[in-house]
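Record features (Swiss-Prot):
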- Cys12, Cys15, Cys34, Cys37: Zn(2+) binding site (BINDING)
- Pro117, Thr118, Gly119, Ser120, Gly121, Lys122, Thr123, Leu124: ATP binding site (BINDING)
- 1-53: domain 'ClpX-type ZB' (DOMAIN)
Amino acid sequence: MVVEADKKELICSFCSKKQHEVKKLIAGPAVFICDECIDLCTDIMKEESRVALKQITSSIPTPQKICAILNDYVVGQDQAKKILAVAVYNHYKRLEYVQSGNNDVELNKSNILLIGPTGSGKTLLAQTLAKILDVPFTMADATSLTEAGYVGEDVENILLRLLIAAEFNIAKAQKGIIYIDEVDKIARKSENPSITRDVSGEGVQQALLKIMEGTVASVPPQGGRKHPQQDFVQLDTSNILFICGGAFMGVDSIITSRTNHSSIGFAANVNIDKEKNNSEILKSLEIEDLTKFGLIPEFIGRLPIVTTLDELDKEALITILTKPKNAIVKQYKKQFELDDTELVIENSALEAIAEKALAKKTGARGLRSILEHLLLDSMYKVAELKKQRVTITKEVVNGLVEPIMTSLISTKSNKKQSMIEDIPA
């Protein structure tokens, strides 16, 4: 119902000022709002954004401190950690600079591309960074994305997940981190533009361009396709940090082909790179290699910071099993402790587990599934037996014998008996 003064002059529905007392009176469905109330709302929203940013920037650790914390959770990848630490630190310092209003020099956003084999720690690095900075974080799988209007997930749904992670606090969400995995799977299907529409490859890259660069996106709070009549949330993506990751299988061949091309001739050694491993080859990565792989130049341009991760060797996998704060072996030991059971994994068994993961080419990601398979029967039994010791040996890992289960009670009584026998008469 429209509010009127003296049945003639319209008034603001919020502050009740008459039309002649304000500069503008904007009409909505059965309500009016004046320019002064709009300014007040804008100031409130800006203040909320400033407070949210201050909470983040006031607690930003230095790049060296970020690296030190990453070392507690992620094994190896020292160069990637250093690059990420500097990039993230500079990103949030840039936000502080922009918020201060001192814009004599424009600082552009620098999104990040992580390239490395499966299980090398790309996702874990992004997750750990978000924990360190205490900012909203969400992950998306690029393979599930399609262009708007096609069967699949819209890119705006990524922003919806970030909003949910921020508990629908728009100011906090606008300072969050989004990790998009498997970006190598949205590479253009061929190097030449196709006459048919590539809705899950180049089409997704095109759809991601705007939100990665910075735009005010309309985000459907209930998901876009099932509720077309809903009100949209406006989310500014200018200050959201995008980290993309992928294995980029085959890009090493592109790099090798490029680096060997200049040496082709009668005396050329075309197999010069055969002795190099993938990690060494990836260090020679150039932008043109990514273009040839299938990423469009505009998409690569939105990811100015590119870093490669090393393939994990046997020693690194053993370290991952035991050393980090949330090491997998520590987690399983704690799980068994909850059932009054001691878990013992011999060093030779750890080596055998690492060798299995290397053989499967799953990297660190495969370690948990190997351990889960080894310990399944033991976890099934100890919940009822209690007071047990479960020992995993190399033979257990190789499937030659079952996990060795002994009673802790009998072990303690045997020790006590031997101590009594050792006492001289």
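Cβ atoms here come from the backbone N, Cα and C positions, even for glycine.
Mapped onto this structure are the features recorded in Swiss-Prot.
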residue	record	DSSP (3 states)
Cys12	Zn(2+) binding site	coil
Cys34	Zn(2+) binding site	strand
Pro117	ATP binding site	coil
Lys122	ATP binding site	helix
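Spatially, by CA atoms, the binding-site residues Ser120, Lys122, Thr123 include one closest to Cys12 (Zn(2+) binding site), and that is Thr123. Sequence-distant neighbours of Ser120 (ATP binding site) (same chain, 6+ residues apart, CB-CB distance under 8 A): Gln77, Leu309, Asp310, Glu311, Leu312, Gly363, Ala364. Using CA atoms as reference points, the binding-site residues Thr118, Gly119, Lys122, Thr123 were checked against Cys15 (Zn(2+) binding site), and the closest is Thr123. Cβ crowding, taken as the number of other Cβ atoms within 10 Å, peaks at Gly121 among the binding-site residues Pro117, Gly119, Gly121.
Neighbour count (other Cβ atoms within 10 Å of the Cβ, all protein chains): 24 for Cys34 (Zn(2+) binding site).
Between the C-alpha atoms of Cys34 (Zn(2+) binding site) and Thr123 (ATP binding site), the distance comes to 48 Å.
In this model, the domain 'ClpX-type ZB' (1-53) carries an average pLDDT of 77. The local packing around Thr118 (ATP binding site), expressed as other Cβ atoms within 10 Å of its Cβ over all shown chains, amounts to 16.
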